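**Student:** Supplied in structure tokens, the structure appears directly below.
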Amino acid sequence: MKKKPYQIEIIQKKAPYHPDPTMIFNHLCESRSATLLLETAEVNKKKDLESIMIIDSAIRISSKKNLVKLKPLSINGEEILLALKKRIPKKIEIYEKNKNIILVFPKIEKNLDEDKKLFSLSVFDAFRFMIKIFENKEKKSKAMFFGGLFSYDLSQFFESLPKLKGNQKCSNFCFYLAETLLVLDHQKKTCLIQNSLFTKNANEKKRIKERSIEIEKKLNEKLKSIPKVKITDINLTSNMNNFEYGSIIKKLQKLIQKGEIFQVVPSRKFYLPCPNPLSAYQKLKKSNPSPYMFFMQDKDFTLFGASPESSLKYDEKTRKIELYPIAGTRPRGRTEDGNLDLDLDSRIELEMRTNHKELAEHLMLVDLARNDLARICKPGSRYVSDLVKVDKYSHVMHLVSKVIGELKEGLDALHAYASCMNMGTLTGAPKVRAMQLIAEYEKEKRGSYGGAIGYFTDLGNLDTCITIRSAYVENIATIQAGAGIVYNSIPEDEVNESLNKAQAVINAIKNAHY
């Protein structure tokens, strides 16, 4: 690569703070595509910490198979692609159509050892090429901010997995490079508008400055209310009834008993109409506040959710990488009228904490997380913190742990994600064989479910959650949920667990449309 000739210019403006990010998102973004809301909250206190919104995007980056499509959404984005074309290695084919660029990456040999596979040219390099074009001399936070999703099916590019059909338009990954960010710090009660200028074009700089002023003015206005859409018939359907799902669980248990795998996480899908996803997200956030909450508005789909589980988190300064395995689930203790019974709730928690099956399953997945990190972390740097604690949500409680390690030199956050995907709590162990069996029995792509949503930056930081407790919407909402199966699982309990996990999202959609 040649020396970086391009500088990123950051334009920042303070703006009035407002405590309701969902209302702000509705007010500023309405139904525009390539917009994204990412939120974090403190689990136990249920307090909002930070909300990041992509208000305007410069480029939409998506991938299917070994192709990456880069679509400019402004002159700012077009300038990046003009520079990018000059930086693409000859091993990668490049096509242009209507200002879009399509990159064709060589297919990865599946029989390569893990290290060679990790360093092979891959679709992840599309992001690295863009980052290498620019200098961020002042090390401004979020100067290049990529927000979006990695689908579960992205792993097919790297592993020998069955080819499946899917009815969803969800790409293997879909990310937006932010042009205009809004960052809300709920602890300090501050609001910052940040624009990233990737060009020296004077007219584009003028437009972006005017856009920043326009957003500030809008934030001084009374925020628009989220429109209500009423539905009289809101039937819940599924791709598997209880008997069918239970039958798959029993078949997989036989394979566990034969020693083919130790654990596996089959899932099923629930469907219901959802004409107003943002209203449903608002209800979900209120009823089930979670460490990670997200609302992604794409031209092909809307994705929203409240996930309890971090996928992968990486801090470039410390080079610390974190996994947060969740395994072990119980419903909250409630009376017949739905109120929380604290005594019953504590007894359920005690039973879960001391249940041999749940503890064995949880520790198996903690060990899998340790193994995932072993490939990419410095020897001796891995450790487990917060072993087997309990996080509680509106409908369920979970056993959780945190596994931490220090990333090896020469690797970045995208190497780490590629090595660890998909997370063991959504696949099983051994991971690749579990994913093969999931494909065989589920018979269709998972799409966004079980992948990850979040962001990474040019400075190397990455923060993602597993895409669970979520709804993927193309007019109809698809809510997918699974259960971790081990040799002594009780199929009826696991069938109920899959519905319990989906219930918070189902209820939010129903309550938003009554």
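Quick reminder: no glycine exception, Cβ is built from N, Cα and C everywhere.
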**Student:** Let me know which member of Thr40, Thr467, Thr478 Swiss-Prot also records as binding L-tryptophan at the site of Pro291, Tyr292, Met293.
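**Tutor:** My reading of Swiss-Prot gives Thr40 as the candidate in that site.
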**Student:** Given that Swiss-Prot annotates Gly328, Thr329, Arg469, Gly482, Ala483, Gly484 as chorismate-binding, name the residue from Tyr314, Tyr449, Tyr514 that shares the site.
**Tutor:** Tyr449
**Student:** If you count other Cβ atoms within 10 Å of each one's Cβ, which of the binding-site residues Gly328, Gly484 has the most?
**Tutor:** Gly484
**Student:** Quick one, of the binding-site residues Thr40, Thr329, which Cβ has the fewest other Cβ within 10 Å?
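**Tutor:** Checked Thr40, Thr329; of these binding-site residues, fewest Cβ neighbours within 10 Å: Thr40.
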**Student:** Rank the binding-site residues Glu361, Glu497 by the number of other Cβ atoms within 10 Å of each Cβ, and give the residue at the low end.
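**Tutor:** Ranked by other Cβ atoms within 10 Å, the binding-site residues Glu361, Glu497 bottom out at Glu497.
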**Student:** Taking the Cβ of Met293 (L-tryptophan binding site) as the centre, count every other Cβ atom within 10 Å, in any protein chain shown.
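**Tutor:** Excluding its own Cβ, the number within 10 Å is 26.
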**Student:** Starting from the Cβ centroid of Thr40, Pro291, Tyr292, Met293, which together make up the recorded L-tryptophan site, report each further residue of the same chain whose Cβ lies within 8 Å of that point, ordered by sequence.
**Tutor:** Leu38, Glu39, Ala41, Leu49, Ser290, Phe294, Ala306, Ser307, Cys465
**Student:** Which binding-site residues from the set Thr40, Pro291, Tyr292, Met293, Glu361 come within 10 angstroms of Gly328 (chorismate binding site), judged by C-alpha positions?
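**Tutor:** Cα within 10 Å of Gly328 (chorismate binding site): Glu361.
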